[in-house]
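S.K.: Feature table excerpt (Swiss-Prot):
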type: REGION; residues: 50-75; note: region 'Disordered'
type: SITE; residues: 146; note: site 'Interaction with METTL3'
type: SITE; residues: 242; note: site 'Interaction with METTL3'
type: SITE; residues: 245; note: site 'Interaction with METTL3'
type: REGION; residues: 245-254; note: region 'Positively charged region required for RNA-binding'
type: REGION; residues: 255-258; note: region 'Interaction with METTL3'
type: REGION; residues: 278-287; note: region 'Interaction with METTL3'
type: SITE; residues: 298; note: site 'Interaction with METTL3'
type: REGION; residues: 308-312; note: region 'Interaction with METTL3'
type: REGION; residues: 393-456; note: region 'Disordered'
type: SITE; residues: 399; note: site 'Interaction with METTL3'
type: MOD_RES; residues: 399; note: phosphoserine
type: COMPBIAS; residues: 409-423; note: compositional bias 'Gly residues'
type: COMPBIAS; residues: 425-440; note: compositional bias 'Basic and acidic residues'
type: COMPBIAS; residues: 441-450; note: compositional bias 'Gly residues'
C-alpha cells in the first residue's frame, strides 16, 4: 500500500511539473499565482465591457464615460477622436502569427490545482501513449486486489504444469509440409503466420517467407482439428480482421472472441517510428481472432472449458523494430481457458517452445517430434483433459444455473385450482397455514385455520 501511495504521489508531482512548465511558472508550487481566480476573471470581463461601451458610438449616453466637472463637449469629441486614431493605428500593425509552443491553451481544468488528465493531448506533447498509464497490467500484479482470482490462477498454473506433456517441436516448411501427418487431432491450434503486414510496417526485409492470406487459407486446418476445438489466429490490425474471419469459416470455426494486444511505449516514447502506407492512423495494437468448432457450452462443458478466468486484452511493451514475436500471455490465456492437453502451435520459433505444446515452424533449429510417442500421451480415456480439482471448481467463475419452468413461480404449480392449500399463482409461502391469493379455505374467527374447525 505504501509503495502504491508513493507511486501516485510521484505521478502527481510529475504532472504539476509539466503543468508549471507549460504555464510558464517558476516551479510547481507557484502554479496558483499564474492561474487567475474567479474574482480576477470577473474584473477582467467588466473592464472589457467598459472599453467596448466607450468605443461604441451608437451606445446610449448612460453607458459612456461620464464627463468630469468642467469638461466641455468639444473636449469630449477630441478625446474620442484620439482614441479612434489609436485604435486604427493598432489595426494597421502587421499581423504576427502565433507560434504553437505548448498545450496550455488546450488543457482541461486549468482553474484547479489538479487538472484533468487529457491523455490525448499528453501524447501530442510527450509521445507517451494513453495506454501507458493503465495500471496493474502484468500477470504478477493484475489480481493483487482480488485474492480469490489470484488463488484460482495459482492453482490452475500448478495443475497445468503437472498435466503438461513434454515439449515437442518439428522443423518443417509449413507450405510444403502435409499437416495432416500431425496426430492426434488437436483441442487448441494457435497460428502465428509471418504476415506481410508486419514487415511492411517496419520497413525491414523479412528473414523468412511472408505469407499472404491466400496462402493461409490453403492450410488444411479442419483436417487436424478435433470435433470440439478452438483456434487462435493472429491477424495483425489491417486487412486480416476481415480475411481472418474468412479463414475461420473455411476451416469450420465460428468467431467467438477478439483478443486485442495493446502496445505501450513507456521505454521509448514518441511517435511511431514506421508507418504502414496503407494505414490511416498510427497502429498501436494487434488482434488475435478466436474461433470455436463444435458445440461447447460453458454451463455444461466445465470439463473442457473454464470461461471468464482471463480478459480479452493483453497490454505489454511494444517490441523492437523488426521483432514480430507475440506476447507470451496468449499461452496463459489459452491454457487457463481450454482444459484440452492436445495443443498445436504453427509458425512457432525456438523462443516459443513450451511444455504441453507441439511447436511446428520453418525457423526452428531442431526437431524431436515422434508421432507415436506424442499419441501415447493421450491413449487412456479422457487423458486428453487436464482435469480439475474441487478447489478450482469452487473458485472459478460459473454461469448462473438455468431457470426451469417449475422455478419460474417459486416452486408451486401455476394455477393449483381455485381452492385448497396449493391455491395461488405460483408463489409458495414458507408457512404451514398458507392460503392462496385466490381460493382456498376461509373460516370464521379463531382456531388454527381462523375458523376453529378442520377444513373439508
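Each residue, glycine too, has its Cβ placed from N, Cα and C.
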S.K.: What same-chain residues lie close to the region 'Interaction with METTL3' (278-287): Cβ under 8 Å, and 6 or more beyond its ends?
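M.R.: Beyond its ends, the region 'Interaction with METTL3' (278-287) has Cβ neighbours at 129, 131, 200-201, 234-238, 240-241, 244, 258-263, 265, 271-272, 318, 326.
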S.K.: Using C-alpha positions only, work out which of the recorded sites 146, 242, 245, 298 is nearest to residue 399 (site 'Interaction with METTL3').
M.R.: 298
S.K.: May I have the DSSP-based helix, strand and coil counts for the residues of the region 'Positively charged region required for RNA-binding' (245-254)?
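M.R.: DSSP composition of the region 'Positively charged region required for RNA-binding' (245-254): 6 helix, 1 strand, 3 coil.
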S.K.: Would you kindly list the residues that approach the region 'Interaction with METTL3' (308-312) from elsewhere in its chain, counting only those six or more residues past its ends and only Cβ-Cβ distances under 8 Å?
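M.R.: Long-range Cβ neighbours of the region 'Interaction with METTL3' (308-312): 149, 152-153, 156, 257-260, 298, 332-333, 336-337, 396-397.
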S.K.: Using C-alpha atoms, which one of the recorded sites 242, 245, 298 comes nearest to residue 146 (site 'Interaction with METTL3')?
M.R.: 298
S.K.: Over the span of the region 'Interaction with METTL3' (308-312), how high is the average pLDDT in this prediction?
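M.R.: Here the predicted model's pLDDT, averaged over the region 'Interaction with METTL3' (308-312), is 92.
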S.K.: Distance between residue 242 (site 'Interaction with METTL3') and residue 298 (site 'Interaction with METTL3') at the Cα atoms, whole Å?
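M.R.: For residue 242 (site 'Interaction with METTL3') versus residue 298 (site 'Interaction with METTL3'), the Cα atoms are 27 Å apart.
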S.K.: Could you find out if DSSP has residue 242 (site 'Interaction with METTL3') as helix, strand or coil?
M.R.: helix
